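Structure, as structure tokens:
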Amino acid sequence: MFHEDILYISIRKYIKTECLIKSSSQEPELYSPASPGPQQEPISTYFEEKVPIPEDDMTKLFSFRKLWAFTGPGFLMSIAYLDPGNIESDLQSGARAGFKLLWVLLGATIIGLLLQRLAARLGVVTGMHLAEVCNRHYPTVPRIILWLMVELAIIGSDMQEVIGCAIALNLLSVGRIPLWAGVLITIIDTFVFLFLDKYGLRKLEAFFGFLITIMALSFGYEYVRVAPDQAEVLKGMFLPYCSGCGPTQLEQAVGIVGAVIMPHNIYLHSALVKSRDINRANKKEVKEANKYYFIESSIALFISFLINVFVVAVFAEAFYGKTNMEVSLQCNETGSAHSKLFPANNETLEVDIYKGGVVLGCFFGPAALYIWAIGILAAGQSSTMTGTYSGQFVMEGFLNLRWSRFARVLLTRSIAIFPTLLVAVFQDVQHLTGMNDFLNVLQSMQLPFALIPILTFTTLADSGVCTIGGGLLILVVCAINMYFVVVYVTALNSTVLYVFSALLSIAYLSFVCYLVWRCLIALGVSRLDFRGSVQYPPAVLMDEQPEFDS
């Protein structure tokens, strides 16, 4: 278990040392090295206001009033577990493996909760989010490379989310809204919704809660309508087995982990927790904040897990083992306009979020199709908004930007809009699965650039067991995702692409090794700092007694 007081005093000394190296003229404000100086305008972002925490008796073990005050950041974070990329991974898991991979989804969600816990603790204890801490820890060139890698992950995720909204609009309009028009509509309404926080932070969080409720009701309706076998659902969830599974199911299991644990979400959560008014000079308040944030995140991820289970179970019950011929005949019988989507052969049905809605409509009526599309629209819209926040936090943290709020929103949206529009113009809405697989691979490759830094800055614990456990956990997650990348690349069957991938892999692994090297130094392996040039969080100060300012 991480002790907030040890983490507090160690990072406090580290940040003060770093800031005094950069500027010896005056001592920085505690945990606010990024706060504006006399000549700088304040940053206008998600934190124009901070939610006050009620002053209940701190000796009480639990307070619903305080839990309510801390409720919000975890639910915004959990939306990344419900984006269109995750929904597509869920439905493919059900269609390809039935209920057999539900335990993988459960395990990935638990791992995600533990990693989000680290991110939230970093933000609470230091008063800075992960990108800001990276800005102060890494030299200029590695910092810029790290920022570019995280931006790639955000762009990949953003493309999935915007395309998901566009597909939902296409389904709801019965094809009248083309993909490119849906992309433009999504981008415009995202700008509108993002400025809801001008009316109050809690109103914005309530709006996100409303979108999550729509997803729960939409996918819950499909679950009730299809009525999966509850015994099979529980068996698949709690018994780690996959009898009769082959390479297809293994790749799908890896895809579930890659879709659930997203790199930019670590950066996002460490920033969102700064929205509460916490006195970081009081170790009891810091400890209490970490407790309630963990409870809130657990509830939020439990709800997101249930929604994901709804999707997996629906497609496992209704479409596992179905062939294209069976689906095509059913769509023809119901007079569906989309029956040509499915060739008249006996190959196993392949679905994505577009075809998934179509087959639901063919088998369970038009209402199932439209309700499915509403759920996808809510998932895409909410995740697009949180993705934009991720882009703002990452950009302002790594680059220390002092731009206006509108300029930063415009830039972060523009970075993703152009590649997404190109895909929308030149790609058919019915054939987007290949692009989704590529984007999942892209995000999987960026995962070490969030997990290694978060381990680096949360190693200040009272026990090496937690550090070793966290390191092994991150190693396993990275290995699973890299396997997904290797499977994808080897399936391309191109010598030129193999050579290009090999060159990229050398550069990629070199940078990962660099981050691991600095992480090991942060863990206290000082002999690796050959020239004594690395400034790292003083994990060796763990034996000091914490002292707190009044």
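Cβ atoms here come from the backbone N, Cα and C positions, even for glycine.
Just so you know, TrEMBL annotations are computer predictions that nobody has curated.
The list of residues near the transmembrane segment (102-124) in space but at least 6 beyond its ends in sequence, with Cβ under 8 angstroms from a Cβ of it, reads 2, 4, 7, 73-74, 77, 81, 90, 93, 130, 133, 233, 236-241, 253, 256-257, 260-261, 265-267, 269-274, 278, 280, 286, 289-290, 293-294, 297-298, 301, 304-305, 308-309, 312-313, 451, 454-455, 457-458, 470, 473-474, 477. TrEMBL lists 102-124 (among others) with the feature transmembrane segment.
Long-range contacts of the transmembrane segment (177-195) within its own chain (CB-CB distance under 8 A, at least 6 residues past either end) are made by residues 162-163, 165-170, 207, 380-381, 384-385, 388-389, 409, 413, 417, 420-421, 424-425, 427-429. Annotation source TrEMBL lists transmembrane segment at 177-195 (among others).
The transmembrane segment annotation in TrEMBL covers 207-224 (among others). Residues 75-76, 78-79, 82, 193, 196, 303-304, 306-307, 310-311, 313-314, 360, 364, 368, 371-372, 374-375, 378-379, 381-382, 385-386 of the same chain lie 6 or more positions beyond the ends of the transmembrane segment (207-224) yet place their CB under 8 Å from a CB of it.
Here TrEMBL flags 253-272 (among others) as transmembrane segment.
Counting residues 6+ beyond its ends, the transmembrane segment (293-316) has Cβ neighbours under 8 Å at 67, 70-75, 77-79, 81-82, 86-87, 90-95, 97-99, 101-102, 105-106, 109, 112-113, 116-117, 120, 124, 212, 215-216, 219-220, 222-223, 226, 228, 232-233, 236-237, 269, 273, 351, 356, 360 in the same chain. The transmembrane segment annotation in TrEMBL covers 293-316 (among others).
The transmembrane segment annotation in TrEMBL covers 358-379 (among others). For the transmembrane segment (358-379), same-chain residues at least 6 beyond its ends with a Cβ under 8 Å from one of its own Cβ atoms are 79, 82-84, 87, 161, 164-165, 167-169, 171-172, 211-212, 214-215, 218-219, 221-222, 225-226, 314, 318-319, 327, 330-331, 334, 336, 338-339, 341, 349, 351.
Residues annotated as transmembrane segment in TrEMBL: 410-427 (among others).
Per TrEMBL, transmembrane segment is recorded for 447-465 (among others).
Annotation source TrEMBL lists transmembrane segment at 472-491 (among others).
Within its own chain, the transmembrane segment (497-517) has Cβ neighbours under 8 Å at 142, 145-146, 149, 445, 448-449, 452-453, 456, 489, 528, counting only residues six or more beyond its boundaries. Positions annotated as transmembrane segment by TrEMBL: 497-517 (among others).
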